[in-house]
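Feature annotations, reproduced from Swiss-Prot:
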- 1-82: topological domain 'Cytoplasmic' (TOPO_DOM)
- 1-53: region 'Disordered' (REGION)
- 32-42: compositional bias 'Acidic residues' (COMPBIAS)
- Gly89, Val92, Leu425, Asp428, Ser429: Na(+) 1 binding site (BINDING)
- 176-244: topological domain 'Extracellular' (TOPO_DOM)
- Asn211: N-linked glycosylation site (CARBOHYD)
- 587-622: topological domain 'Cytoplasmic' (TOPO_DOM)
Amino acid sequence: MDRSGSSDFAGAAATTGRSNPAPWSDDKESPNNEDDSNEDDGDHTTPAKVTDPLAPKLANNERILVVSVTERTRETWGQKAEFLLAVIGFAVDLGNVWRFPYICYQNGGGAFLVPYCLFLIFGGLPLFYMELALGQFHRCGCLSIWKRICPALKGVGYAICLIDIYMGMYYNTIIGWAVYYLFASFTSKLPWTSCDNPWNTENCMQVTSENFTELATSPAKEFFERKVLESYKGNGLDFMGPVKPTLALCVFGVFVLVYFSLWKGVRSAGKVVWVTALAPYVVLIILLVRGVSLPGADEGIKYYLTPEWHKLKNSKVWIDAASQIFFSLGPGFGTLLALSSYNKFNNNCYRDALITSSINCLTSFLAGFVIFSVLGYMAYVQKTSIDKVGLEGPGLVFIVYPEAIATMSGSVFWSIIFFLMLITLGLDSTFGGLEAMITALCDEYPRVIGRRRELFVLLLLAFIFLCALPTMTYGGVVLVNFLNVYGPGLAILFVVFVEAAGVFWFYGVDRFSSDVEQMLGSKPGLFWRICWTYISPVFLLTIFIFSIMGYKEMLGEEYYYPDWSYQVGWAVTCSSVLCIPMYIIYKFFFASKGGCRQRLQESFQPEDNCGSVVPGQQGTSV
């Protein structure tokens, strides 16, 4: 699929040290060296016209770059839709289903949408757009990109990779829970519909019973805690117990699915996302139609949407809105950089940012209707108020919703499609997080890793699976929540703040805007430049400060964490955060030469031999 003829060398291009030079001019190979018939870069055997703003400028004493076809190309998405589905699939995750509806009704219902939309426009969307543009322009992952922006901040890339490992350790376990439920649903009677099972206790009681009290536990709750997790056999972090084999097998199956989706890069992932990104929407619509037809659904939806304007006076509402937008869109995890790096150079990433971020937020809103229609139904069945039915987090989708499904006709069918939806939502997000790390390391170490992607992905997933084994123990559910807070929860906020500062303050908004102009033909408007320079960094710093102040609240109140666990948690957080200052020290004192001024220049200015990755101007210096 050679686009430039059958010759081994497509031609030659000349460039100066600063005029769009080769991205791998330090003799590294392109990590994705397969030809790609889908990228229409034109025939580069003929020199570009001088009037072309992307054309290399010819001058005396320039070194000649021989552009090899295999080194000039980078694998691209088979279709534009594959990229959009991959981004949507990453952004729309389990949190859209179990977190947004809860914090929406908790923080004023319809009134919550005011700060939510404001933070989307002024905070989340500018960062989302930034990462898509950066990845598409520089066409590399979160490690290699920093030599073209601010070399001293390469530690941001290592921090992101470490955070992605922490996420892989617990997030796939949550998907494993859904897999367990899925297999348990293939029966004539759902196992959480009655209290006559071996794992039930004497406190078990049907939620529809008139004798149901606060001391009683529902069959669905006992199934989750005593059958799926068997958490009663452990004692939290103090004694987690052995690994539960059936749960470990479910999580292992998740890792197998992830491997065969990622081992070939965007060629394999691009095909998988057609199922994993679209299936949740089909199921959501089916569940919505079923939910609104249930008795009491209208009360649930009314509870969800009724605005309580007085709550907007509470600062917590605004902080929750900012946090939800940030973690929902997912900037800073390296995923948007990685996925957009496989786009064509002139792809309209601005339009993509608007489309995908809007779909993400609308999906959260739609999920609220699905959840609250069922919560209204459960309140009707139990003859109680909705606020006594709902739970936040995993309990909502693994206890309350299965509880509701068990009371419906055709409960087996509804259970199967619901947990299939959770699995596909989770898989898309874990694809994105792991692909960010894989792309980054393949780009940074192309000779060692890039050539052996299949083997590297296998070893990486095996390593993460082994590290995740403690989350599959009897006390693993506590560790899952612990890692969620201390792994990415706090660290990613600081990391993204430094990333934004590096791009907008060191690299410069003007230079970044010029990069966007090369791709799209026009510079970003004043609104975007103001957001990038001032509003977005303040947005990130504010969330980070308030998250540190309320980190114990993030852990929840269902389990009392021992004192030593807080020290371990902060060590986990610092392990990724410290990558940034440690690399700055390394770059300044050990990887730079000359006096203090020259070292600062080498550390905080883009390297001379690294510039924009313009199609047809990549190659190996000779």
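Placed from the backbone N, Cα and C atoms, the Cβ positions cover glycine too.
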Na(+) 1 site shell beyond Gly89, Val92, Leu425, Asp428, Ser429, criterion: Cβ within 8 Å of Cβ centroid: Ile88, Phe90, Ala91, Asp93, Thr276, Ala277, Pro280, Thr424, Gly426, Leu427, Phe431, Gly432
DSSP residue counts for the topological domain 'Extracellular' (176-244), split into helix, strand and coil: 22 helix, 5 strand, 42 coil
For the topological domain 'Extracellular' (176-244), the mean pLDDT of the predicted model: 88
Listed in sequence order, residues with CB under 8 A of Leu425 (Na(+) 1 binding site) and six or more positions away: Val92, Asp93, Leu94, Asn96, Val97, Pro280
Asp428 (Na(+) 1 binding site): tally of other CB atoms within 10 A of its CB: 27
Spatial neighbours of Gly89 (Na(+) 1 binding site) that are distant in sequence (at least 6 apart) but have CB under 8 A: Val273, Thr276, Ala277, Asp428, Ser429, Phe431, Gly432
